[in-house]
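One structure below.
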Amino acid sequence: MGETNQPPPPQVAAPPPMMPMMAPAVGAGAIHPPHEQFHHLAYCVHSNPSWVQVAALAFLHYLVMLGSTVMLASIIVPAMGGNPGDKARVIQSFLFMSGINTLLQTLIGTRLPTIMNASFAFVVPVLSIARDMDPNNFTNNHQRFLHTMRTTQGALIVASILNMILGFSTIWGAYAKKFSPVIMTPVVCVVGLGLFELGFPQYVPHYFSHIHERITYLFERYSLLLCIGIVWAFAAILTAAGAYNHVSPKTQQHCRTDRSFLMSSAPWIKIPYPFQWGTPIFTAGHSFGMMGAVLVGAFESTGAHFATARLAGATPPPGHVLSRSVGLQGIGMFLEGIFGAPAGSSVSVENIGLLGLTKVGSRRVIQISTGFMIFFSIFGKFGAFFASIPLPIFAAIYCILFGIVAAVGVSFMQFANKNSMRNIYIIGLSLFLGISVPQYFNEYTSSAGRGPARTNAGWFNDIINTVFASGPTVALIVSSVLDNTLEARGYDSDRGLSWFTPFLRRHKGYSDPRNDEFYSFPIRVHDFVPSRFL
């Protein structure tokens, strides 16, 4: 009834089922909030292990820094005209001044567990001075070596004044207050990666399982000390058995334990004393050229101090602490020029990595290691004995230690906005230029014998070739300029300044109270020196 022939009304499509609202991915994995201090340490700056462990770790730090000391002396001494005996004395001078400078920095400098060691940044100006010495003007190579050494001493003494001015005038501290996590990320990364050519290209890890807990603890903390001893003993056996007698001179130089006659050339007892090579020779051109290396030492050490603070469980170093450290570094270079060390010092990067590997950031360990440096610098035969460790052993160690430091640089990104294209651009460009620009300068120098900068002013060439051959320096310049100019206003939170600013400031009410815990002096130095200089 009431039937019609009309088609049925169209069916309305049912709406798609509503997807359940997804909660933020909190349960997808653990959330790791930023930490100003690194907590996974056995001992931090002001906590100390037992005296037996302190002595063992201090000796390990001495062995690690010894490798780069021998490498640097092997580069500059032959170019200056020195013989194996001169090389042994230069190594002694390096060790002696490393001990003095490290002790000064840990007592009244940054007070971080940093080891000061001869810097490769001084290779360019020292080799430039050596090239200016015409062999025809000297009767023998030893006279040329002494004249080159005295000229290098004079240049280092004059150039060191630059760091004193930058540090004690607080200019460097004012510059350091502009730092942010976006700046420190590429700088610390390049601090670890900048010496990648010193690393060994092959590293084979060994895995130990089902080992007693105590044995695992020993292998974790003293693995490098055990590996150095075992491989060194094996190399000594091969050397005594004549395994390297018929190989190329380059292989002998790297693998023999009696290379370069260090043991026979080193004196039993030799105390480094002022002007041991003679009266310094002061020349304006060489002094200005050396200033480039002195400035690079300040740049590299600044980035290294941030990495050290991270691995030692300390807060980021304040600007005034970095400033007094640079000033004290200038005093150390002044003393190095007086005591006959042909290169200034900066923070030893490999020893920073050792802090992370051993998980011991104790200041006392580093201070005790200065005793080993000074002792073996005076008793030359003993120092030469340990200097006979084959360089490939150090190169293999550097693969681990430099990698740790580079990874610490990545950790600074936790304080900034990792999803900001601005930050990604600055970090990426700074990191790329910090690696590629020095690579170009170093390759050009290796092939041509001189740096790319070739003007009529030799001192200007040395400054340019030295500054741009340093990865941390290039990265710090590029990142600090970009981060403080490229849309800087209104991006404080993205830049991570809310995390860094309380540590970089000094004024009461604005600075973090934890700064005094790590960076205050052990004595009331402020009673004797105005605070604006500290």
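If you go along the chain as it appears here, the first residue is 1 and each next one adds 1.
Using the three backbone atoms N, Cα and C, a Cβ is placed for every residue, glycine included.
The transmembrane segment annotation in TrEMBL covers 59-78 (among others).
Feature annotation from TrEMBL assigns transmembrane segment to 90-108 (among others).
Under the heading transmembrane segment, TrEMBL lists 114-133 (among others).
Annotation comment: TrEMBL describes 154-175 (among others) as transmembrane segment. Through the fold, the transmembrane segment (154-175) approaches residues 122, 125, 129, 280-283, 286-291, 293-295, 297-298, 302, 318-320, 322-334, 336-338, 342-344, 480, 532-533 of its own chain, all at least 6 residues removed from its boundaries and within a Cβ separation under 8 Å.
Summarising the annotation, TrEMBL assigns transmembrane segment to 181-201 (among others).
Residues or ranges marked as transmembrane segment by TrEMBL: 222-244 (among others).
Here TrEMBL flags 277-299 (among others) as transmembrane segment. Note on the transmembrane segment (277-299): residues 119, 121-122, 124-125, 128-129, 132, 146-147, 149-160, 162-163, 166-167, 172, 326, 329-330, 333, 337, 340, 343-346, 457-467, 470, 472-473, 476-477 of its chain, located 6 or more positions outside it, place their CB under 8 angstroms from a CB of the stretch.
The feature transmembrane segment is assigned by TrEMBL to 365-387 (among others).
Among the features that TrEMBL reports, transmembrane segment is placed at 393-412 (among others).
Among the features that TrEMBL reports, transmembrane segment is placed at 424-441 (among others).
Most Cβ pairs within less than 8 Å of the transmembrane segment (365-387), among stretches 90-108, 114-133, 424-441, belong to 90-108. Scored on C-beta pairs under 8 angstroms, the neighbour of the transmembrane segment (393-412) with the top count among 59-78, 90-108, 114-133 is 59-78.
Highlighted: of the candidate stretches 90-108, 114-133, 424-441, 114-133 has the greatest count of Cβ pairs under 8 Å to the transmembrane segment (59-78).
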